[in-house]
Amino acid sequence: MGGTIIYLFFDVVVGDVVSLNIGDQIPADGLFLHGYSMKVTDGFGFMLVTSVGMSTAWGEMMSSISRDLDEQTPLQARLNKLTSYIGKVGLTVAIVVLVVMMIRYFTGNTRDDNGQKEYFGSKTKVSDVLDSVVGIIAAAVTIVVVAIPEGLPLAVTITLAYSMKRMMKDNAMVRKLSACETMGSATIICTDKTGTLTLNQMKVTEFCLGKETIESNTEIESEIYHLLQEGVALNTTGTVNNSHANVVPEITGSPTEKAIISWAVMDLGMNINETKGICEIIHVETFNSEKKRSGVLMRKNSEKAIHTHWKGAAEMILAMCSNYYVRNGEVRDLNEEEKVQFEAIIQSMAAKSLRCIAFAHKKVVEENSQASAKLEENGMTFMGLVGLKDPCRVGVKTAVESCKHAGVNVKMITGDNMHTARAIAIECGILNPEQDMKNGAVVEGVQFRNYSPEERMAKIDNIQVMARSSPFDKLLMVQCLKEKGHVVAVTGDGTNDAPALKEADIGLSMGIQGTEVAKESSDIVILDDNFTSVVTVLRWGRCVYNNIQKFIQFQLTVNVAALVINFVAAVSSGKIPLTAVQLLWVNLIMDTLGALALATEQPTNDLMTRPPVGRSEPLITKIMWRNLLAQALYQVTILLTLQFKGKAIFGVDEEVKNTLIFNTFVLCQVFNEFNALLMVELLNKFASTERLNWQQWGACIAIAVLTWPIGCLVKCIPVSCKRTQSH
Ligand SMILES: Nc1ncnc2c1ncn2[C@@H]1O[C@H](COP(=O)(O)OP(=O)(O)OP(=O)(O)O)[C@@H](O)[C@H]1O
Ligand SMILES: [Ca+2]
């Protein structure tokens, strides 16, 4: 029998035997060889691969379904609503313009370039009337064209696509486009502990037998040693491969299992495979995050007696016990007083941020050789307790701090013991050491589950750490937070995080150690498994949101200004200074450049000092409206002055005047684009009123200063004026 090798799933071929665990996804069809407690979401087993790739049932099915790629992000949906609203405004204005111009024309209130009346009732030529009517309709259409911000969808797509690409470089793979922007408004991050905040590289560092701590050289009575050996060897999903003598044995399994087996093999010198060979497993109850324990019912080949072994969350195993072993093999009664002492031992181990796992055993004498497939849960004998160290990832504390600084609350939801969770939370800076368990900052899953909905809503904001949580508790937490109006991001790696990841507004999974189910349920995969990358994603999210806001401000200024100018000019003089072709040109060139410039802007540190946007803040903030209207007003004033007084001021004819207007308009947009790039940055800091005033002044001065370059440039380029005319 060969050993177990870890493959990339791309390398699986027909004929391989694959070991299956909860949450695994294998891109192959196969035959089930053997396994235990195989249910859809539970158990483990082995499978012989019979087909791979496109010839699997899954592959065939997927090839018949094409993925729906044009999903709409919430922001895009909001933008579409905005665009259609603007469209309606434009249409209304266009109809007003149409009616007014028609009335003006047919009542003989319009004059041609030579100052002649255009309409003399029945004496006018039909072709002239047609020409004029077509002209009026064209003007109305222009108004509609002007109103609709064509560049918006382009800008949003460019921004999202570009940041998606950049995020990939920052070790975040975006699976769902909308996740980038949603992350920008996140107010809470719920993170699991093991594998996200910690490395998930466990190692047994403490071992207690009875109430006694066992050092590596302490002698253990052989009966207990053998029971422990059975408990470790049979009650596990891990494997040991020591086919090569003298080489460090290769151990597979979940990090917890690996740690326990490697402790048993390396520290206690146990022979796992031999024990497996001489025992028969009758029934297995596999580990899952809800029960937090695993058990086997087994029999030694030579014996009649059946043994039950449990291993799992220490305080839960302790609750099942009524006796305990001491080091010399003696069995003692576990009364209430003793239980309290054991609980204290567990707590002190957990307070050192160790994960505590206990072993318990019971010998069941076989009745009429008919073994029941049920594992006993009471009257167990407590065998021992191990403490597993799982170091924190470097940089987590800083990352948590940056989140807090950005106004994003970080909560830890873990399956681990309350004291372990608390110790790690303090180490990561999620919890203040002063925040005591009594004030509700740390709760247990059961507690949370049993609150009434009102109680839960009242307490949830105060909760920083939830320990001993089941997958359902994680989900419940996310649901409650969402109900409270938070935008919730969830990070996780395990199958137990999958429901919460799916429910969250943004689910982030770990790419290296995360299970397939977790990745499948998430929107973003963190490729380097590092919590620090979550902060990078947050930063990118905010950047995307900010850039889109900037672009909307820029784009709407163009539209409002053009709309007002054309409307006023059309209604008052019957002529439209900015034509449809010119405006489309502006849209095309300026929007593309603008979108590129704004979309490719890098996230700044400043982004991470603002409070989060949340769910309720409007897309166009009051500040944006103010900037937008101020800019538009300025442009409208300048351009209307040119429209009505331009000919007199510059001493030019109608055509050149229109070109002047167009050029000024374009230049205004160019400068405004810089405004959007630079000013919004400053103006968006709306927290302090003092600053606002200063910035208002800044904006005013900038706007005033712009008159000069605009005037100069227009005067200096008469040639380009002519050229533009021909467009
Ligand atoms: N293989 C195992 N056998 C028995 N008990 C285990 C095993 N692995 C973990 N446990 C117990 O279950 C608890 C962990 O439960 P769970 O799987 O819900 O959390 P996790 O995913 O490891 O942690 P987190 O939620 O922080 O990521 C541990 O505290 C430990 O006591
Ligand atoms: Ca986990």
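Cβ coordinates are placed from backbone N, Cα and C, and glycine is handled just like the others.
TrEMBL does not curate its annotations; it predicts them automatically.
Here is what TrEMBL says about this protein:
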type	residues	note
DOMAIN	576-676	domain 'Cation-transporting P-type ATPase C-terminal'
TRANSMEM	43-61	transmembrane segment
TRANSMEM	82-106	transmembrane segment
TRANSMEM	133-162	transmembrane segment
TRANSMEM	556-574	transmembrane segment
TRANSMEM	580-600	transmembrane segment
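Among residues of the same chain six or more beyond the transmembrane segment (133-162), those with a C-beta under 8 A of the stretch's C-beta atoms are 73, 75-76, 79, 82-83, 86-87, 89-91, 93-95, 97-98, 101-102, 105, 177, 180-181, 544, 547-548, 551-552, 555-556, 558-559, 562-563, 566-567, 570, 576, 578-580, 583-584, 587, 590-592, 594-596, 598-600. The DSSP breakdown of the domain 'Cation-transporting P-type ATPase C-terminal' (576-676) into helical (H, G, I), extended (E, B) and coil residues amounts to 77 helix, 0 strand, 24 coil. Mean model confidence of the domain 'Cation-transporting P-type ATPase C-terminal' (576-676) amounts to 77 (pLDDT, 0 to 100 scale).
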